[in-house]
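**Student:** So TrEMBL lists these for the protein:
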DOMAIN    311-383  domain 'DUF1736'
REPEAT    499-532  repeat 'TPR'
REPEAT    533-566  repeat 'TPR'
REPEAT    601-634  repeat 'TPR'
REPEAT    703-736  repeat 'TPR'
TRANSMEM  33-54  transmembrane segment
TRANSMEM  131-151  transmembrane segment
TRANSMEM  188-208  transmembrane segment
TRANSMEM  220-237  transmembrane segment
TRANSMEM  243-266  transmembrane segment
TRANSMEM  286-305  transmembrane segment
TRANSMEM  372-391  transmembrane segment
TRANSMEM  403-424  transmembrane segment
TRANSMEM  430-449  transmembrane segment
TRANSMEM  458-476  transmembrane segment
Amino acid sequence: QIFNQHNAEAPNLEPAFHRMAQMEPNLDHDVSWFLLPSYWAKMVVALISFLCFANSYDGDFVFDDSEAIINNKDLRAETPLGDLWYHDFWGSKLSSNTSHKSYRPLTVLTFRINYLFAGGFYPVGFHVINIILHCTISVLMVDVFSILLGGLQFSNKGRRLNLAPKSSLLAALLFAVHPVHTECVAGIVGRADLLCALFFLLSFLGYCKAFKENKEGHTFSVFWVLVSVVLGAIAMLCKEQGITILGLNAVFDALVINKINLLELIRKLVYKDKSLENAGLLRKGLLFRITLLMCGGAGILYIRWRIMGTGPPAFTEVDNPASFADSLFVRAINYNYYYSLNAWLLLCPWWLCFDWSMGCIPLIKSVSDWRIIALAALWFCLIGLICQALCSEDSHKRRILTLGLGFLIIPFLPASNLFFRVGFVVAERVIYLPSIGYCILFTYGFSLLSKQAKKKKILAVAVLGILLINVMRCALRSSQWRSEEQLFRSALSVCPLNAKVHYNVGKNLADKGNQSAAIKYYREAVRLNPKYVHAMNNLGNILKERNELHEAEELLSLAVQIQPDFAAAWMNLGIVQNSLRRFEEAEQSYWTAIKHRKKYPDCYYNLGRLYADLNRHIDALNAWRNATVLKPEHSLAWNNMIILLDNTGNLAQAEAVGREALELIPNDHSLMFSLANVLGKSQKYKESEALFLKAIKANPNAASYHGNLAVLYHRWGNLDLAKKHYEVSLKLDPMAPGTKENYNLLRRKLEQLQKKGG
């Protein structure tokens, strides 16, 4: 009844625009699925998409979130908003040679708004926005699939009709619950893909709106075509894939609006058929609209190229080993294998991993590798679908298959390595948009099976089972994305050859203080990738802390030999050499680190410690001053300056430095303690006492704070208070140096006073 009613309402308008769906078989006729009113269909899709990822709302910042959000200065209020347009996704200048050139200013802007509203780095708000975005996109998919599967038709009141309500609901549900989307939704940096998809779909729907006949009787609206271009530009400012919607709009225009038969068109172009105009290419308005799309796309790409400033980003071999292969054959065969893996993730999203680089997928180097079968299977399926899309006599079938393949392939092109090298092997986030094409093809395949099947209900139950399994898989995968420990450990079984997986598990364990277990994973990371300098650096650091200095030196020396500009490894090598009392080599390592990273406050701090050990006090003070200039909140550098000046008898200068430090870091109890010691020696007892008490309030379990306050009271003559704080200090640390001796002196003095008083 619904379809008859729709057909009855359809006005007899320009055939090129308003009757393309009316003359074709209806996909829903063969689909055994639920028929719901549009409002309820969208409510169901929204609810189920929410249930899939709801448990990620209170997750932590994980993996790339730390670099893109926590360490990204573009999120902070002190960074001018204008800088967002000249920085990449990670906060680096686009003109820098080290920039990844990922230009997504609108995504970074939403992170900044999140940060400002939350009042800091609280992940809940970030996660909630991601979940809302995915639910919104899934709801929009109902409208998008109704057009892609049912065609574009308007009622006499100008309302767009849904000619495939059952098919569009099924396709939208498949999209909403696909587990491969978990990275985009549960990982906060996935917001780039979500925002891109949102404006991608709005651009498509805006383009469709251009063909709603207006009051003047014009067959299409230039305004809505231009709106579509603008929305495509916004999508690209969220993530690079967004630009592909302009190409898809052109494909949709040719196939659905103008109903061009591609095979017939190619044949006429080859044979220079004079009836080319009848093929639809020159039909009124098509070339004009495609010209608008092409000009808009070219303009957007030109502006982006101008902003980038330099050439493409420089990736390393471990990021994308196939792209560094010398042989064209090896590159081609591995790229195609990567495509087959992406296709498999869409078909069977069971083995999911946060990172697929660093040996996770070994290179195929000969045709004898059994994995060649995956390539053959992929191209067998693709060629079969392309042949059906081009050669089928059924125009409805041609349209759906071509649109399905278009939405599957075109959004994936920026990640295909065909136009430029990308910085990954496989990335689940980049198939968020291509999954639209997969859902179209799945739904069409289901309709064909339903048409042939005698027991359609069994087929419908099977599809329901797939949806339910996907919902459970989404929930499980979302829970794994809630913390780095779960995320990294989940990858061990999927990519056991991935050095980065072992590195991240090790780093997570080291951050939690489990150094023994961390060493095991760092060693495995280095074994899997003998050039993994970051693993060497972190392993060297742990060995240094465990006083295994010679092995630490070997690892760090190898790291800087492999990557001579690795500033952190040079600094850590300097620390080890300092501990081995090879001071000249340590100094040289520190200065090499500073050469490669000009603004390196921690390195200046360690250089100052070296100079202090060598009694080069002026050099030490200068190094620590440099550290505080580069990082005004560098508490250790301030403290060391105060202590060195105090120990060398420069009390006035020590006091001035202490006051300067406390103005910048007013709540740092260690600075209060150091300045209180200086003031006590300067006989400014009252002010010293106030600072000691403030420091003790902030850190009541520090034995040295109570011990030094007791010394102050001892000097000041407040012996009872001195006795009280000596006792507290000894209770907290019975072995506190000097405290027991001072306490015994005080007790003898009190006994003498009592005898005199007696």
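Cβ from N, Cα, C; glycine included.
Because TrEMBL annotations are produced automatically, they should be read as predictions rather than curated entries.
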**Student:** If we call contact 3 or more Cβ pairs under 8 Å (sequence gap 6 or more), are the transmembrane segment (403-424) and the transmembrane segment (220-237) touching?
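**Tutor:** Contact absent: fewer than 3 Cβ pairs fall under 8 Å.
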**Student:** Is the transmembrane segment (33-54) close to the transmembrane segment (188-208), in the sense of at least 3 CB pairs under 8 angstroms with a sequence gap of 6 or more?
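**Tutor:** No, these stretches are not in contact.
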**Student:** According to DSSP, how is the repeat 'TPR' (601-634) divided among helix, strand and coil residues?
**Tutor:** 27 helix, 0 strand, 7 coil
**Student:** Does the transmembrane segment (458-476) come near the transmembrane segment (33-54), with 3+ Cβ pairs under 8 Å (pairs 6 or more apart)?
**Tutor:** yes
**Student:** Please give the average pLDDT for the repeat 'TPR' (533-566) in this predicted model.
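**Tutor:** Looking only at the repeat 'TPR' (533-566), pLDDT averages out to 95.
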**Student:** Counting only CB pairs under 8 A, let me know which of 33-54, 131-151, 243-266 has the most with the transmembrane segment (286-305).
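**Tutor:** By Cβ pairs under 8 Å, 243-266 leads among 33-54, 131-151, 243-266.
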**Student:** Taking DSSP states H, G and I as helix and E and B as strand, how many residues of the domain 'DUF1736' (311-383) are helix, strand and coil?
**Tutor:** 36 helix, 0 strand, 37 coil
